[in-house]
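Novice: Dropping a structure here in structure tokens format, bear with me for questions.
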Amino acid sequence: MPEKIAVVGAGSWGTALAVLLARKGFKVSLWARRPEFAEMLQKNRENSTYLPGVFLPENIEVKNNMSQVVQGANLVVLSVPSHAVRHTARLLKPLLEEETTVVNTAKGLELDSGLRLSQVLEQEGISTPAVLSGPSHAEEVGRGLPTSVVVTAKKKVVAEYVQEVFMGPSFRVYTNPDLIGVELGGALKNIIALATGMSDGLSLGDNARAALMTRGLAEITRLGMALGANPLTFAGLAGLGDLIVTCCSMYSRNRRAGIELGRGRPLEEVLAGMGMVVEGVPTTAAARKLAQELGIPMPITEEVYQVLYKGKPVRECVSALMERKRTVETGFLGVTWS
Ligand SMILES: NC(=O)c1ccc[n+]([C@@H]2O[C@H](COP(=O)([O-])OP(=O)(O)OC[C@H]3O[C@@H](n4cnc5c(N)ncnc54)[C@H](O)[C@@H]3O)[C@@H](O)[C@H]2O)c1
Ligand SMILES: O=P(O)(O)OC[C@H](O)CO
């Protein structure tokens, strides 16, 4: 078991994970990007900006100095937004010991390259990173409510180590050997949460939300299979599980952003009002590009892209989706009429 754990990123998720690990008795060092924010957190013991009402146990120290945070840590938990993963990895890499395990907890794809975040870490010299994903809102993890997630890595021993570190009475961790599927499930569900939010913002009803979630899962699976994922992973916690929580919970920033867009508010205004990351926005552009390159139909993603990046009115997306040509539900799985 690690003597010290470093958590890099003091937003909602980094704070909740630091608290979870500290409650397990680990010595935790939490890195905050802004010095004044680190000082405030260290002093007040509450992250009132990103996770109000959750108090930091005594065994968490908060610092802005990444070198001090990482020094002596056997495990580094990376909890910065996906757009900051590459830059943060570059800062981290020279500070890591050879045997330090890095766990990425951000959910997204790199915007320009379309790479999964573990691929970004590997490009930056961080080998065999683990990935923690699944239905897990910081607000509930911070309050110690029951949560189940998955951890994956290229090596079983790494995934099992991280499983053992995080596992606790209110945090159940499964391993899953499908790195590609787990990462894609966590990244792509955010696009569908934007779509269901838009539908809810337009009051299109429960049937529409269920259809978007189900057909959203179909297009996630289609892209996933083309990229080498096991389709069954999308029926698990990192796929369906995270899709359900993100499309149905009012804690979801992607869902809330979608609702505001559905009500007709412009994207810039919605994002400015959120004050937190809405990972589905860059991921939509990255996934659409990948889908186009691979020739994979992703009609919901395409409509979300048109709303976000081309200003298409959400109401026009309804007919674009409903009036697509007739098809077989399970065709993408090879299950069709003989
Ligand atoms: N909040 C959740 O419930 C939750 C759960 C699971 C996974 N995640 C994932 O965790 C990641 C982080 O999300 P969050 O909820 O903590 O976001 P957040 O909006 O709550 O906080 C973002 C944090 O990142 C920092 N940040 C912003 N730009 C940065 C940069 N360029 N370099 C370094 N740090 C930067 C901010 O200062 C802030 O501390 C996302 O990918 C998200 O999808 C979040
Ligand atoms: O608040 P969201 O929409 O970024 O979702 C957070 C987590 O990914 C839920 O598992």
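Note: Cβ is positioned from N, Cα and C throughout, glycine not excepted.
What TrEMBL says about a protein is an automatic prediction, not a curated fact.
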Novice: From the candidates Lys107, Lys154, Lys155, Lys156, give the one listed by TrEMBL for the same substrate site as Arg253, Asn254.
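Specialist: It is Lys107, as the record lists it for that site.
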Novice: Among Ala138, Ala218, Ala226, Ala229, which residue does TrEMBL annotate as binding NADPH at the site that also has Ser12, Trp13, Arg33, Arg34, Tyr50, Lys107, Arg253, Val277, Glu279?
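Specialist: That NADPH site, as TrEMBL gives it, pairs Ser12, Trp13, Arg33, Arg34, Tyr50, Lys107, Arg253, Val277, Glu279 with Ala138.
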Novice: Checking the binding-site residues Lys107, Ser136, Lys189, Asp242: which ones have Cβ within under 6 Å of ligand 2?
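Specialist: Only Lys107, Ser136, Asp242 meet the Cβ criterion.
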Novice: Near Tyr50 (NADPH binding site), meaning Cα within 10 Å, which of Ala10, Gly11, Ser12, Trp13, Ser252 (binding-site residues)?
Specialist: Ala10, Gly11, Ser12, Trp13
Novice: Quick check: in three-state DSSP terms, what is Arg33 (NADPH binding site)?
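Specialist: DSSP assigns Arg33 (NADPH binding site) to coil.
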Novice: Is any of Tyr50, Ser136, Ser252 (binding-site residues) within Cβ reach of ligand 1, i.e. under 6 A, and which?
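Specialist: Close enough to ligand 1 are Tyr50, Ser136.
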